[in-house]
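For reference, the structure is listed below as structure tokens.
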């Protein structure tokens with residue numbers, strides 16, 4: 001992101017509010033209801049049978065009474081940063097060059113056999129991710145009950161990340177860079193996609209913890225070999241990492257032999273400290289750097305939006321995070337909203353944030369693990385830090401001072417001394433972990449307390465014990481509920497690698513979802529049955545770059 005972003009509800013004036021209005025009938029029905037209420041339709045959102053609109057504040061209740069789902073439309077206000085030319089996207093080829101990944105490829109390390117778990121908004125099998133390298137784990141999102149949406153990226157974030165990690169065109173080859181084509185950081189690795197968020201990027205921390213638990217439980221299943229976990233999700237937890245359930249889940253993955261890479265956050269110095277779980281010193285916390293389209297690190301600059309540490313816990317590594325181009329999902333929420341300014345050469349989207357940086361480091365970790373399969377996560381982290389490129393005076397401990405470099409990693413050994421940190425015991429309060437990332441039903445009932453999205457009580461102490469013993473998923477159930485609703489067995493959870501033919505089965509039109517069935521209308525479970533999740537209190541910045549705009553996609 002060329003700009004730091006501040007998330008706040010947008011208002012046209014004192015009497016108008018910005019909302020997203022969804023209808024169970026059609027987009028046209030939602031638009032008509034907005035106009036009847038004296039509002040203005042700003043954008044049609046076919047992907048969710050809804051519209052973005054400005055409506056009189058005193059008519060919101062009337063719209064809800066008409067069986068419409070109303071969600072606050074939270075937008076971002078960019079803080080201008082003129083150092084990056086908005087017309088010059090940073091291609092993955094440039095990322096490969098400035099990080100030295102190509103030199104590492106030349107040593108034979110391309111990530112072959114390494115599984116990277118991506119907990120995000122799903123993955124769409126667009127060109128570059130359609131060669132069998134993507135497999136899907138369970139869909140834990142609010143769209144899981146809609147067959148035509150299950151596993152697929154209706155938002156557009158997860159696919160962007162997947163491209164940076166394992167993207168590969170059919171005609172591209174890491175040892176023949178002149179052949180052209182799109183290549184991610186670890187082009188021979190495979191990716192396991194766990195979808196936890198819907199077309200608005202909305203999820204609850206319980207869903208993310210459940211996904212991490214699944215990774216811990218199944219990382220050694222045949223064909224998976226999950227050795228890296230990428231997390232773009234983060235909250236501002238109100239408790240120390242040593243008791244925080246999300247941090248403990250991340251540590252459980254680490255202890256299972258999985259390198260956990262977490263985005264540091266996108267709030268710059270407006271919030272002191274990194275998001276959870278990046279704040280946990282055991283895992284890899286990644287911030288973003290502006291490379292100024294140059295391989296010369298003296299030209300690199302700190303990015304104002306990249307989260308600052310508090311002096312004791314700071315970003316471990318920095319990686320390119322400004323105007324990075326990766327794979328686009330035509331018709332996704334982000335594409336419908338910002339495709340006019342973000343699209344590059346039809347196939348790609350420009351985006352900025354510590355999410356991009358974390359994805360790049362996840363790909364790098366897969367390369368290191370592939371070359372050194374016996375290394376522990378501690379060894380991988382120590383080697384990456386020991387070989388990092390120390391940046392100039394503009395970079396402080398709080399911004400992070402080490403940039404990812406792989407060209408010196410071939411044949412490297414980890415340092416003799418590996419720092420140790422107090423482990424997380426978990427068992428803390430789930431509400432404290434949520435911070436301000438609180439979900440609510442359309443009628444204002446908030447999901448609070450130690451409960452998951454089904455309203456089921458969640459014993460975080462018992463969860464911590466189960467995670468420490470290898471995970472708690474059993475036959476598709478987690479925390480006493482069948483999360484998928486389909487009684488998956490282990491093999492069907494893993495699924496098959498996607499191919500281009502899957503588009504037909506999911507009614508993909510190339511421009512928008514043709515099914516128009518929004519699973520958020522149909523989701524039920526426990527005492528939350530019949531409610532419609534609205535994301536009321538949801539700030540959007542919990543995805544470390546989920547708040548996209550024409551300013552942030554540059």
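Note that Cβ sites are derived from N, Cα and C of the backbone, with glycine treated the same way.
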In TrEMBL, which of 371-390, 391-410, 411-430, 431-450 is tagged region 'Disordered'?
411-430
Residue 157 (active site, charge relay system) versus residue 355 (active site, charge relay system) - Cα distance in angstrom:
9
Through the lens of DSSP with three states only, how would you label residue 120 (active site, charge relay system)?
strand
Neighbourhood of residue 120 (active site, charge relay system) by C-beta distance under 8 A, where only residues 6 or more apart in the same chain count:
153, 157, 158, 161, 162, 193, 194, 195, 196, 197, 230, 232, 233
Among the active-site residues 157, 355, which residue has its Cβ surrounded by the fewest other Cβ atoms within 10 Å?
157
What are the helix, strand and coil residue counts for the region 'Disordered' (411-430) according to DSSP?
1 helix, 0 strand, 19 coil
Average model confidence [pLDDT] within the domain 'Peptidase S8/S53' (111-388):
93
